[in-house]
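Annotated features in TrEMBL:
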- C:1-27: region 'Disordered' (REGION)
- C:11-25: compositional bias 'Basic residues' (COMPBIAS)
- C:40-60: transmembrane segment (TRANSMEM)
- C:43-117: domain 'Glycine transporter' (DOMAIN)
- C:67-90: transmembrane segment (TRANSMEM)
- C:102-120: transmembrane segment (TRANSMEM)
- C:127-147: transmembrane segment (TRANSMEM)
- C:129-202: domain 'Glycine transporter' (DOMAIN)
- C:153-174: transmembrane segment (TRANSMEM)
- C:186-205: transmembrane segment (TRANSMEM)
- C:211-234: transmembrane segment (TRANSMEM)
Amino acid sequence: MVLDQGPCGPSRKRTGRRTGARRHGAVQAREGRGVTLASLVPLLDHASVLVFALTGALVASRAQLDLVGFIFFATLTGIGGGTVRDLVLGRDPVFWVHRPELILLTAGAAVLVFFTAHLLESRYRLIVWLDAFALAVAVPAGVGLALEAGVSPVVAVAMGVVTGTFGGLIRDVIGNELPLVLKQGELYVTAAVGGAVVAVALIGVGMPRPVALIFCGLIVIALRAGSLALGWSLPTYRARPPRN
Amino acid sequence: MVLDQGPCGPSRKRTGRRTGARRHGAVQAREGRGVTLASLVPLLDHASVLVFALTGALVASRAQLDLVGFIFFATLTGIGGGTVRDLVLGRDPVFWVHRPELILLTAGAAVLVFFTAHLLESRYRLIVWLDAFALAVAVPAGVGLALEAGVSPVVAVAMGVVTGTFGGLIRDVIGNELPLVLKQGELYVTAAVGGAVVAVALIGVGMPRPVALIFCGLIVIALRAGSLALGWSLPTYRARPPRN
Amino acid sequence: MVLDQGPCGPSRKRTGRRTGARRHGAVQAREGRGVTLASLVPLLDHASVLVFALTGALVASRAQLDLVGFIFFATLTGIGGGTVRDLVLGRDPVFWVHRPELILLTAGAAVLVFFTAHLLESRYRLIVWLDAFALAVAVPAGVGLALEAGVSPVVAVAMGVVTGTFGGLIRDVIGNELPLVLKQGELYVTAAVGGAVVAVALIGVGMPRPVALIFCGLIVIALRAGSLALGWSLPTYRARPPRN
């Protein structure tokens, strides 16, 4: 949260005063562990912005948009999940408002995809796999930021899932793609929830947060990759045909 | 608002100080009427979370998702409307962030539906009827919270409509269902607006807020049920075929 | 921002204190130029609310909704873009919460369209053209408000694009229309980005903000109209058929 305040860093103490939750976060940030966490979480957050941006640009390529359309979808997808998370947590303003470099990052990803997507075998497969990696970095970032904000483990799990899934949700809803959350027999939300639950559990038993968040990301990618490559899945509801 | 602050209750006075609107709300909360209202509104709000969650889980069953998918849709639908309302009203953080029990509630509703939905005659009819009941508790909750925040009657009506309709909207947009707001010849938004308008009118002529909010809920369910069961409707625009 | 606070004007100073960005904005508002700007920006903002509301009502007519459905879509479309912008910028509460007249304005636009849409040759063409004009007033309004909030030029451009495009995006996603951002070979987001970039560039070289914002609007409408009437476009991605 410290690093995430950018230019309005000084306002952190003020926001820190605004709720018990915030003060809690500020205190941790002053501890050694908090500092380590403060250095890991933004790294994960920015990595997820970049990789989600690539998926957004690939969806723009499937919709045959122009370069600006690529930038629009890349930016929307890259910052969407973290924006919803920050709004819900009351982090004011949201993380990219004083981080112009993040929008330049998503724009750069869009330009890269615009000129190289035709080299790809299957853009859809790449979208799905890049989305899996973005999910694996965004979920721990969301859990970490939520815990810094002092919320309960259950809400931290929800924030990890929001951070991981909403960028892709916005991308798919606006881009007329089937939202990945609706893909039957795939572990997607489950991968996010699984990693987030393990993270809060490990932290609950005393594991240092940065280590727990790394475990979180590994579990998310393991579950998601296992589902994509090996067909891992949970039983789905099939009592009767849908749309009855 | 008082009860809605949960763990960050102490911060209520601070937020209370942030805008005239907030101070206004805080003052009312100190009056006898405010206290009664403060006990009714969260009750309505939580009831709507539970019932909307059931509809979200039923949409997940139509999409044949797994148990985690059910929890995802149940939670999104249960807290979606109130979340948008709180963001727009600037209630920081949104109502469920310090209320982990609400997410456990929506998760429980999802588990219940996952194991019992196959027993239902028509899941779609149940979605529509449960949504009607959720609408009838969410609209007065939204109107009550908006008035506590000191907004004008017109905006309070808008907040009632947002609280009542956005959870279902998010559910339907993400779940690839036709949004209920698009069902022709049905009273849906009209039921929400009608109940909300009557509530602010009754409060305007001096009726105690809790009583007016109960009237509001009864009018919403009466209009919606009359539309579903008896075909009540307003004339729709039919000057020419759509999509011309 | 000054005029935009309405009844909670007194709270502006408080919000002004909340972040360096806000203080910066408040300071500018006290300069002569800021005052002029403060009189132009809300004018643009309200004009865009009205024109976007007309497009929302026209979408409701294509969906053959009733009068309340028209009001719902008109309001959602009219205030949607500015609401997302205000949430992201942390302007609390969003611009219309203490401006009931704006909702009455969108409702009036809906009533007008409900009773006159049948007179139109093609409602779809009118939606597209009205949307173009709304875009041309909303983008400079968003850029102006973002600069008042003290964000960087890159983020100001993003805010102009959000303000200009999100109302229509929400309208199209909920109303089951193809989002304009997905129309291939049309300048839409490009028109918004182009106008916003020119505005921040002109301000960067010292042009008075109100003049630069007027240029911004002229460039947006010129690019959009040139695309609609003369087929102006940027090369789109066509390496291979979509959905492969």
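Including glycine, each Cβ sits where the backbone N, Cα and C put it.
Because TrEMBL annotations are produced automatically, they should be read as predictions rather than curated entries.
For the transmembrane segment (C:153-174), same-chain residues at least 6 beyond its ends with a Cβ under 8 Å from one of its own Cβ atoms are 48, 52, 55-56, 59, 73, 76-82, 84-85, 88-89, 131, 134-135, 138-143, 145-147, 180-181, 188-189, 192-193, 195-197, 199-201, 203-204, 216, 220.
Mean model confidence of the domain 'Glycine transporter' (C:43-117) amounts to 95 (pLDDT, 0 to 100 scale). Three or more CB pairs closer than 8 A are found between the transmembrane segment (C:211-234) and the transmembrane segment (C:40-60), so contact between the two stretches is assigned (pairs 6 or more residues apart). The helix, strand and coil residue counts that DSSP assigns across the domain 'Glycine transporter' (C:129-202) are 59 helix, 0 strand, 15 coil.
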